[in-house]
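**Q** First the structure, which I've put down as structure tokens, then a few questions once you've had a look.
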Amino acid sequence: MPNWGGGAKCGACEKTVYHAEEIQCNGRSFHKTCFHCMACRKALDSTTVAAHESEIYCKVCYGRRYGPKGIGYGQGAGCLSTDTGEHLGLQFQQSPKQARSATTSSNPSKFAKFGESEKCPRCGKSVYAAEKVMGGGKPWHKTCFRCAICGKSLESTNVTDKDGELYCKVCYAKNFGPTGIGFGGLTHQVEKKD
């Protein structure tokens, strides 16, 4: 603080900061209106600020600029972004192996293309999130999520799948389970002799 009146200089705009409008961070003073991320201009507070030397950033921009880089250093779901950090002055570099794998796909039909929805294996119509039930690794309509033989409505606890079709446990056991004496209700009865 200067000896002869006034206040400290703002770390962002270099103008005088008076006590009523002052926010301190990392030993520097800022106006409340100047306390923004230096990269994305998002308003900051004491819980969202990350300081680096004389610069202040939101935690996302700080992580992109100064955080660890490479595979395995993602920040949860936030790392699943197409943002390459160019607005931060960062350049994205792919290794030759990554570039080759990005251009070739081992199974292009496994995922729906952007803007398309997944198709129900039973009726072939689009399956939307509100009516989606997963079974056998595929999306089904709730109304189509039935046993292929008896038509019984299925749940995740009583579903079995074979060759892309769904079955209740009873029908699966009768049609695809072990067979012979002692299985599936067939028993060998021995008659008693008197």
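Glycine too: its Cβ is placed from the backbone N, Cα and C atoms.
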**Q** Check each of the ranges 64-69, 70-75, 94-99, 106-111 against Swiss-Prot and return the one annotated as motif 'Nuclear localization signal'.
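**A** It is 64-69 that Swiss-Prot annotates as motif 'Nuclear localization signal'.
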**Q** Which three-state DSSP class does Ser153 (phosphoserine) fall into?
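**A** Looking at the DSSP assignment, Ser153 (phosphoserine) belongs to a strand.
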**Q** Using Cβ atoms only, which residues of the same chain lie under 8 Å from Ser153 (phosphoserine) while being at least 6 residues apart in sequence?
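**A** Long-range Cβ contacts: Phe145, Arg146.
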